[in-house]
Structures are given as C-alpha cells and as structure tokens.
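*Asks:* Just passing along the structure, written as structure tokens.
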Amino acid sequence: RMFHDDELEESEKFYVGQPRVLLLIYALYNTLVARSEMVCYFVIILNHMISASMITLVLPILIFLWAMLSVPRPSKRFWMTAIVYTEVAIVIKYFFQFGFFPWNKHVDYTKDKPYHPPNIIGIEKKEGYVHYDLVQLLALFFHRSILKCHGLWDEDEKGDSSSNKEDTDDELSLTGGRRDSSASLKSVNLAASVESIHVHFPEQQTAIRRKSSSSISQLSHRSSFSSHRSKREQILDNFKNINHTTLSLYFLQCKLCVIKSCCGLCCFRTLQVYVPIRQFFYNLIHPDYSAVTDVYVLMFLADTVDFIIIVFGFWAFGKHSAAADITSSLSEDQVPEAFLVMVLIQFGTMVVDRALYLKKTVMGKVIFQVILVFGIHFWMFFILPGVTERKFSQNTVAQLWYFVKCVYFGLSAYQIRCGYPTRVLGNFLTKSYNYVNLFLFQGFRLVPFLTELRAVMDWVWTDTTLSLSSWICVEDIYAHIFILKCWRESEKRYPQPRGQKKKKVVKYGMGGMIIVLLICIVWFPLLFMSLIKSVAGITNKPLDVSITITLGGYQPIFTMSAQQNQLKSLDPNEFNEFLRSYRGNTAALQFLEGYAREDITRADLEGNSNSLWTISPPSREKMIQGLLDFDADFTLVISWTIQRTLEEVYPYYIKAPSDSLAKPIKQLLRDCKWENITVSLVKNTSEEWWVLNQLGKRQKTPHESLELFIFSDKVSPPSLGFLAGYGIMGLYASVVLVIGKFVREFFSGISHSIMFEELPNVDRILKLCTDIFLVRETGELELEEDLYAKLIFLYRSPETMIKWTREK
C-alpha cells in the first residue's frame, strides 16, 4: 500500500463490528448530512403547507426561482436570507399572539375563515404557532454547520469580493467563469463611491485577460490599481492650480449634479435589484458549460400523479366538498366546473412542457417556470380557499396536489440548471429490451389517444421534412420493431432446445392464466350482478307505503299511508314462522332464498281513510247504479251503510326492486290469489269516509286495518352504481362484446402478418429507425428523406426484408 495507518484500520474494524441497528443509524445520519439541502427544502415546503400564509409563502418561491436554479449550489446569501427571514417571522408571530389585538378576541369564530386578514398574513393566534418555524430554523442551522465543516460557507464571499474589484466586462468573467467575453452583459459597479459618480477618471480601453497562473493575475490587479491611483493624484495636483473663477463654475456644476442625483437615486436603487436578477437569469440561460440531463420523464410522472389526484379528488377543488365521487357525478351526466377547469389547466401545462422539451428552449422553460410558480401559489393559497370556503391547511387533497407539484418544480429547476439534452431519440420506455419495458410500452400504447397525441405533438414541434402520415408510419414501424426486438431478446435469454416439448410451467402458467381471464370476461356480468347485491349490497328499506282504492273511474274511496312506526321489521321468531308457513311450496321457498330477515318490512295501515270522500252527487248516483248491476264481476250487499266484499284484489306481498316499479309476489300468494278486503262507507251528519279491513291478516288486530309485507331488493353501493345500472344485457353489450372483439383480432388474421411478425433478427431495421431519429436531431433533413425512402422500400420488398433480417 502507498498509505497505511494502523489507527484508521482499527477504526474501520471497530465500525464494521458495530450492531446493525447502530450501523443503520449511522447510515441514516450520513444520508441526512449528504442531503441536508433537500431536508431544508422539504421542511420549508412542509411549513408552508401547514401554515399556508403570506409569511411562509416567500421562502418556497425563493427555493424554486433562486436556490434550485443556482449553479453549482445555493449561495451563502440565500441561506442567510432564509435564516434571517425565519427568525424575523418567528418574532412577528410571537408579537401578534398577545390578546390586546382586536382580532385575537374572537379566535374561535375567525379561525376557519380563509379570507380573514390575520389568517392570510399568518399572524393569527393559535396553538403551536411557531413549532414548524423552529424546526425550519433548526434545519437551516444544521445545513449551515455542514457547509462550514466542508469549507463551503465562505466560498461565495471570495467570489463576491473579487468581482467588486473589476468593472469591465472581461474582469467580471474572472469570477463568473460561465460567460463568453463577447456575449456578456455590460456590468454596473453598484458599489461605486460618490466621488466616482461626479468625477470621471479616464480608463484604459484594453481589457485585462485571464492568465493561466494566479501570480500574473494578482500582478495585473496591482498594476491596474496603482495606475488608477497615479491618475487620481495627477488630477488632484492639476485641481490645485485651477483659478477661483474656474473653481466657482466647478462647484455650480457639482450642485447641478447633486440635483440630478436625487432623481437618479431611485434608478440606482432599482438597478441594485434589477441588474443582479437579470445577470442571474442571463447566466442561467447562456452558460458556457452545462451538464446536460433529461428528467422530462420524472416531470411527466409528477404531472400524471397530479392529474390522477384531480380526477379522484376533484371535489376538493370545488365549493361543495361533500360530493361523493366523480363516478356518481358522471353517472348523473353532470361535469363539475371546478373539475373541468383543473383538468384542462393540468393537461395544458403538460402539453406546454412537452413543447418546450421538444424545442429545447431553456429561456422558454425559465419563463414558464416563473409563470407557473407564481400562478400555482396564487391559485392554491388565495383563490382556492375562497372557492372551497375552507383554508388550504384543512384541504388534504389540495395539500397532496401541491406537494407533488413542488416535486415537479424541483425537477424543472434541475432541468433548467443542467440544460436540455441535445438529442431526443424515441420513447423513454424503449431504452432497454426486457419484459418490463415491453409490457410498459404496450400499456402506454393502449391508453386511448395518448400515442396519437404524442406523435402529432412531436411532429409539430420537431424540425422534419416528413409529412404527418409518413411520421406516423415511422413511429408505428419503430414501435413494432421494438416489440419484436424484446421478444427476440427474451428468446435468447430463455432458449428453447429443438425437439423439446413445452414445459408444464409455461403451459399451465401462461395458458392457464389466459383461460381464467377469458372465462372471467365471459361470465363477468353474471358474477358482477350477483355478487354486487348479495355481498356488497345495501338494504333499501321503504320509507313510505301508501294504498289507494278506487271504484271504477270515480273519486278514490280509500287513501292511507304507513310511515315510521307503522313500518316494522320482523323479529327472528316471526321470520321463522313466516318461513314455516310456506313449507312444501317450492316456488315460494326459492323466492325467499334471495331475501334475509332485514329485507322484509311489515306495513300496518289504518283501516279508516285519511281523507273524506268528496264525490259529487251525479257521480255518486252513477256509482250506486253500477253497484246495483248484478252482472258485475263482484258481489255486494246493500244496506244502510254500503258494505261490500272485494275478493282477490289486495296484494298482500309486494316486491320493491331497485327501480321505481313495485310488483306483487305471486309465489307467496296462496293459489296465486290475492287477499280479500271489506270496504265500508261510514256516514256522519255532514261527512262521510270509507273504512277498509283485511280479512286474513297474520297480525290479528281488533280494529279495521290493512297489512302489507314489502320485500326490498338490495341495491349496489353508490360507487358501483354507474356500472350496475347497465344491467346484465348492458354489461354484455358494452364490456364483453368489446373485449371479445379485441381478443378475436389477436387470434385471427395472423396469416396476413407473418411477413412482418416472424423476423429472426431486427437489429438492422431498428438501427435504421434510430438513424432517422438521429439525422433529424442533427438537422440533416435531406438524409432523413433518403433513410425514410429506404425504410419504405424495405417494407415493400419481401426479398430485401428476408436478407436484412437474417441471423448474423
């Protein structure tokens, strides 16, 4: 060994011999130290998510537009700004916790109001108002200590002090190291003295060039400083020899300069803020060197997660957050406005991000990042609380959406800082040829309109000579060849010897899975409709049972309703007795198999009608004549009070299905005959009403009444109601037949595609497709046309295709 230390070796042995739990703690601490910067970002964003105020809003914006965009790391000025700002925020929050402020006297009333000014600013009185701020301050000091340990804390001061010594364009490039002297901005010496404002000394036009050694550079600085000093002394010597008149004129000019300086003070202060910001973004957009990277896939995944959060939690972005879910709203043909707006905005940002990625414009990405950061924060923390009528800190779905969007902002800042890749070749899922990439790529192509939308967007924002149809043709060929390449690679990894039958694991694994899948698809509607109500069904008991009886076409003679206490469930003894009464009746027992005790309701209706019989005298006379007709289908007995026996007209058992049509249950009626009831007309001195009584009741009562048994079908849960509403035939037509069509296309028409499917070696065709992508990215558009013509000729010539796809 070149270097050997016994103490280091003993230390390493001691470390290796520690318990695994302690080693895990060491590893976690080292990870925390290595990622202390990200820990600070996370704590700041978490604090803002929980507090959601203007005080905590500043630092997250500075993170996405300053810290994460700094090269190579955030400066000391940022960390000092974050530390000082956090300390000031803690003091401000503590000061406004005193009870003598008027808004602290009604905290319980105003704590949930999103637009209450103290809640917006973040100075409201609450428990634990400073806990997360203290954790944030602790994380910032922890990161500061790590930077000091590694000597990175004072690194920026050296660069700032050296940059203040130079005024010329080339001297600024000494400390920046990221700009070319011919393309850099004109620098402004913001630390200039008052003397340098009013007295202009002549300067040499020759720029100081950067030397290879530090000694020459220091010598040039000293010589420049000494030359400026000698010029100042010479001018002061000449100034002593000026006469009195010239001196008076000079002081008059000085007074005019002072007046002008008052007007220029605002411009000077503005330049102090504007020039560094402009210089920062200019250096970001025009770097001399950049570590090109590609994190578009991760940004796309973050946007996709946000899209899913909006779809399944859209109610959190609307005014009435008590809505059930998106499926119930769509089943009622209603599209919430908040859901539509959020989906369109999210989809629009994804499209713009794709366009910027294809055009590789860092300036556009910077502008888009600034607009998106300010827009999202303004929407989430100032507009959304007013729409939802609750604070952001009480909206869990919105907090989750914002956190994922912060991940997207971090990835975007990293992409801007490193620069876009110079070449975008193919789909990100086609970088490897294995089963994972194969199935993910095929799943990507199964998403409706995603492949088509991506192909059209790529054609619009990519320089090419191909037409849209030719572009889609190349994309389809490339996708097909990639799938074949994955299968050929899998055959090489898992070769099948000649003359050997397939193993049972393969046959029963793949074949058995396909068999089970096809059977499930065929019988899915029956299983679904059977299990959704028997297993996951909800008992739907009636709330009101009404009976109305009318003789002929005249005024109803009886109207009665049963509600609340008049609707009773059967106890276990009554239910068992009910089942025993139908012993031997096969049809009735088969019907009762589908109902449990809680599905049956007994309705006790009062025999006296709840409304007076208000019939006109002519109609009354006609009704009496009809009742006196002995050729009618029912018999009657006429007395002082009209009493008549109605046979087989009362449905004793009613089935209440999930729809609105209730039907009598013929299986439970004896000999399929309905029950008998008696109808009586009771007269008072000036009023009259009808009284009905059921003859054969299970529950014997001394007074006139009607008894009715209701069998309620279970209904599907609200979340699956949209699917169960189609019924069995609807599911077969919409699900099974559609899936069957795709399955049939997979098993039929194979003979027509053998020429393009059974290709032993697709490496040459795959390379031809990637060559088309490559020459397109390099701007060789004529060569792109030639290679595309070669690809088309290859697919038109079977003999050439055979030669190209032979094994090497």
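Using the three backbone atoms N, Cα and C, a Cβ is placed for every residue, glycine included.
Automated prediction, rather than curation, is the source of TrEMBL annotations.
TrEMBL lists these features:
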TRANSMEM  14-32  transmembrane segment
DOMAIN    34-154  domain 'Piezo transmembrane helical unit'
TRANSMEM  39-66  transmembrane segment
TRANSMEM  78-96  transmembrane segment
REGION    155-180  region 'Disordered'
REGION    205-226  region 'Disordered'
COMPBIAS  213-226  compositional bias 'Low complexity'
DOMAIN    293-530  domain 'Piezo THU9 and anchor'
TRANSMEM  295-318  transmembrane segment
TRANSMEM  338-357  transmembrane segment
TRANSMEM  366-388  transmembrane segment
TRANSMEM  400-420  transmembrane segment
TRANSMEM  432-448  transmembrane segment
TRANSMEM  468-487  transmembrane segment
TRANSMEM  508-532  transmembrane segment
DOMAIN    645-807  domain 'Piezo non-specific cation channel cap'
TRANSMEM  720-743  transmembrane segment
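In terms of burial and nearby residues, how do these features look in this structure?
*Replies:* Under 8 Å from some Cβ of the transmembrane segment (14-32) lie the Cβ atoms of residues 39, all in the same chain and six or more residues away from its ends.
If one looks beyond the transmembrane segment (78-96) by at least 6 residues along the same chain, the residues whose Cβ comes under 8 Å of a Cβ in the stretch are 40, 44, 55-56, 58-59, 62, 66-67, 70, 104, 118, 122-125, 129-130, 133-134, 136-137, 140-141, 143-144, 147.
Among residues of the same chain six or more beyond the transmembrane segment (366-388), those with a C-beta under 8 A of the stretch's C-beta atoms are 52, 57, 60-61, 64-65, 114-115, 120, 281, 284-285, 316-319, 321, 338, 349, 352-353, 356, 395, 398, 402, 405, 409, 412-413, 416.
A Cβ distance under 8 Å defines the sequence-distant neighbours of the transmembrane segment (400-420), meaning residues of its chain 6+ beyond its ends; these are 41, 45, 49, 60, 64, 68-71, 284, 287, 290-296, 298-299, 302-303, 305-306, 309-310, 313, 357, 360-362, 365-366, 369, 372-373, 376, 380, 392.
Long-range contacts of the transmembrane segment (432-448) within its own chain (CB-CB distance under 8 A, at least 6 residues past either end) are made by residues 479, 482-483, 485-487, 489-490.
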*Asks:* State the non-local partners of the transmembrane segment (39-66) in its own chain: residues 6+ outside its ends, Cβ under 8 Å from one of its Cβ atoms.
*Replies:* 32, 74, 78, 81-82, 85-86, 89, 92-93, 119-123, 132-133, 135-136, 139-140, 142-143, 280, 369-370, 373-374, 377, 381, 391-393, 399, 402-403, 406, 409-410, 412-413
*Asks:* Can you break down the domain 'Piezo transmembrane helical unit' (34-154) into helix, strand and coil residue counts using DSSP?
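*Replies:* Counts, helix then strand then coil: 82 helix, 0 strand, 39 coil.
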*Asks:* For the domain 'Piezo non-specific cation channel cap' (645-807), what's the mean pLDDT in this predicted model?
*Replies:* 76
